[in-house]
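Asker: According to TrEMBL, the active site, electrophile annotation covers 104. The active site, proton acceptor annotation in TrEMBL covers 176. Annotation comment: TrEMBL describes 20, 21, 22, 182, 223 as substrate binding site.
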Ligand code: PGA
C-alpha cells in the first residue's frame with residue numbers, strides 16, 4: 001500500500017521526544033531532573049516531560065515559560081465528580097499540562113485498562129484541549145501468534161473511532177511493543193516502520209486524509225536510548241520517540257534529544 005509518508009508531509013513536523021518518568025521519581029528527584037533538562041535542552045524539538053502526578057505542580061513551575069512541555073501519565077474519563085482517587089483532565093490542563101499519555105501497556109496490564117476506557121479518556125483529553133499520546137502495541141505472545149497487526153488496528157480503532165479531532169488539535173500514537181519495554185533491547189527500525197505503516201493506514205481509514213496528515217503523529221517507544229534514537233527518528237513514518245528508563249538520567253536524555 002502506498003501511503004503519503006514523511007517524504008511528502010512529515011518534514012515540517014518537529015521531532016517529538018517524550019519522557020515518561022513512570023512512578024520512578026519522588027518530588028525532589030523530579031524537580032532536580034526537570035531543572036537539569038531545562039538548562040540542558042535547547043532548540044526547536046518538541047520535548048515533553050511526563051512526571052508522576054504528585055510532582056506535576058512543582059515541575060510545572062520549573063518549566064513555566066520554557067520550551068519544554070508538560071504531560072501527565074493518565075487522566076480519568078469524567079471531567080469531575082465523585083471519583084475518589086482519580087485525576088481530572090481539566091485539572092491537568094489547569095496546572096499547565098498540554099499532553100497526556102493514555103493506554104500505556106503497564107496500565108492495560110496491571111490496572112485492567114480496556115480499549116473502551118482508553119477511548120473515553122481520549123475523548124475527555126481532547127475535550128479539554130490536551131494532546132493525547134495513545135499507546136498501542138502487541139505483547140510477545142500476540143506477536144508469536146501473528147496477531148500483531150490485528151492488535152495495532154484494534155487498539156488504534158477502538159481508541160479513536162467516533163472521537164472528534166478538531167483542526168487545531170493534535171493526536172500522537174505511540175507504537176510500543178510491550179515485550180521490549182524496559183528490556184534494554186528495542187525492536188529493529190524496520191519492524192517499527194512496518195507497525196507504523198499499519199497504524200497510519202488505520203488512521204487514513206477513519207479520518208479525512210488532510211486531518212491525518214496535519215494533526216496526527218506516530219512515534220516509537222520501547223528501550224529507546226541515545227545510541228538507537230536516530231534510527232527511529234530517521235524513519236520516514238516515525239515522528240519521534242517515547243522514552244522510559246533512559247529519560248531518568250539527565251545526560252542520557254539530553255543526548256537523546258540531541259541525536260533525535
Ligand atoms: P522504556 O519505556 O524506554 O524503559 O522501554 C518506554 C515506555 O514504557 O514508555
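Every residue gets a Cβ built from N, Cα and C, even glycine.
Unlike curated entries, TrEMBL annotations are predicted automatically.
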Asker: Within 8 Å of the centroid of the Cβ atoms of 20, 21, 22, 182, 223, which other residues of that chain place their own Cβ, given that this set defines the recorded substrate site?
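Answerer: Along the chain, the qualifying residues are 24, 181, 243, 244, 245, 247, 248.
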Asker: With the Cβ atom as the reference point and anything under 6 Å counting, tell me which of the binding-site residues (20, 21, 22, 182, 223) are near ligand 1.
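Answerer: The ones that qualify, in sequence order, are 20, 182, 223.
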Asker: Rounded to a whole angstrom, what is the C-alpha distance between residue 20 (substrate binding site) and residue 104 (active site, electrophile)?
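Answerer: The Cα atom of residue 20 (substrate binding site) is 10 Å away from the Cα atom of residue 104 (active site, electrophile).
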Asker: In whole Å, how far is the residue listed as 'active site, electrophile' from residue 22 (substrate binding site) when you measure between their Cα atoms?
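Answerer: Rounded to a whole number, the Cα-Cα distance is 10 Å.
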Asker: Give me the long-range Cβ neighbours of residue 223 (substrate binding site): same chain, 6+ apart, Cβ under 8 Å, in sequence order.
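Answerer: Expected: 180, 181, 182, 183, 184, 185, 186, 245, 246.
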Asker: From the Cα of the residue listed as 'active site, electrophile' across to the Cα of residue 176 (active site, proton acceptor), what is the distance in angstrom?
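Answerer: Residue 176 (active site, proton acceptor) to the residue listed as 'active site, electrophile', Cα-Cα distance: 8 Å.
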Asker: At its widest, how many Å does the recorded substrate site span between Cα atoms of 20, 21, 22, 182, 223?
Answerer: 14
Asker: List, in sequence order, the same-chain residues at least six positions removed whose CB sits under 8 Å from that of the residue listed as 'active site, electrophile'?
Answerer: 20, 73, 74, 135, 176
